[in-house]
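Listed in Swiss-Prot:
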- 1-24: signal peptide (SIGNAL)
- 33-69: region 'Disordered' (REGION)
- 43-62: compositional bias 'Low complexity' (COMPBIAS)
- Cys123-Cys362: disulfide bond (DISULFID)
- Cys134-Cys137: disulfide bond (DISULFID)
- Asp297: active site, charge relay system (ACT_SITE)
- Cys329-Cys338: disulfide bond (DISULFID)
- His351: active site, charge relay system (ACT_SITE)
Amino acid sequence: MVLKQRANYLGFLIVFFTAFLVEAVPIKRQSNSTVDSLPPLIPSRTSAPSSSPSTTDPEAPAMSRNGPLPSDVETKYGMALNATSYPDSVVQAMSIDGGIRAATSQEINELTYYTTLSANSYCRTVIPGATWDCIHCDATEDLKIIKTWSTLIYDTNAMVARGDSEKTIYIVFRGSSSIRNWIADLTFVPVSYPPVSGTKVHKGFLDSYGEVQNELVATVLDQFKQYPSYKVAVTGHSLGGATALLCALDLYQREEGLSSSNLFLYTQGQPRVGDPAFANYVVSTGIPYRRTVNERDIVPHLPPAAFGFLHAGEEYWITDNSPETVQVCTSDLETSDCSNSIVPFTSVLDHLSYFGINTGLCT
């Protein structure tokens, strides 16, 4: 059954990547997603740094070094959909050598927990059902689900939960598991990021977050007002990781009480969200940002860096088909190391499992 689900999901993903050239029709946000009732932006937290990243295409060295893909490998934007073999340079890159530190067991346990939260969000019993009734739910059943969202246009799914033993307010965004989600994914159209002048982000991701922004921010800030000593952690897989990033920034920009000391961001298999100026702004906030990539997962390499997009956040790269083998690229902006070292030999299948947990399927 699981193999059948994986095959169906793989087929759908291939259709999705084939459809990338189709431009989505602009869709108006729902009336309850306006920003009218949101707290005002804090001017001192919405200024882009004057400096620019020194590297804007960190994938270029590996694209040149690893050579062209075999002619029989299906590709999109120069990346393999499912390369099954790769040159020695890629094998070497996936070893733990090379001066990049290994993640500690404590870090791996932490990342696994947030991956479990993200994976559980794919279960309808959790979102919108608001009950911990799923295969991995025993790991999160002590959390109280405050509210869930499942919107009509982009099918944005999210929840706010509270862990009293951990003293943490959790915000979890589901990734793509429906055609409507892929509509949000399939355009690479950059648009101005309204809070920060001079920066641009992926239009679909911005619109997806906009569908839940108003109510979600109000819910989180209400919880934070009741529990001001709690930290706030935002997480999501795939598209959910992209919206998680926008959410974390939104909270930082509107709530003085949230800062780098109590606001945290964890993503898994997250696509690139914005341009280099946006990535530089993300770094300037100081928000601890742990971005996990599984082996040769293609999604973190989209939209391509060559298209003017760049990741922020420390990269935690799962290698050698082992959840216990995780490299950490400690740079706040992505570099040519870690997962960028293996392009263009990427894979859709590696998007479906993180730390041995099925992501994208409620299994």
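Keep in mind that glycine also has a Cβ here, set from the backbone N, Cα and C atoms.
All features noted in Swiss-Prot, drawn onto the structure.
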| residue | record | Cβ contacts under 8 Å, 6 or more apart |
| --- | --- | --- |
| Cys123 | disulfide bond | Gly129, Asp133, Cys134, Cys137, Cys362 |
| Asp297 | active site, charge relay system | Gly269, Ser339, Thr346, Ser347, Asp350, His351 |
| Cys329 | disulfide bond | Ile100, Glu314, Glu315, Trp317, Thr335, Asp337, Cys338 |
Across the compositional bias 'Low complexity' (43-62), DSSP labelling yields 6 helix, 0 strand, 14 coil
With DSSP assignments reduced to helix, strand and coil, which class does Cys123 (disulfide bond) get? coil
Cys338 (disulfide bond), Cβ-centred 10 Å count of other Cβ atoms over all protein chains shown, is 27
Please name the residue among the disulfide-bonded residues Cys134, Cys137, Cys362 whose C-beta has the most neighbouring C-beta atoms within 10 angstroms. Cys134
A correct count of other C-beta atoms within 10 Å of the C-beta of His351 (active site, charge relay system) gives 27
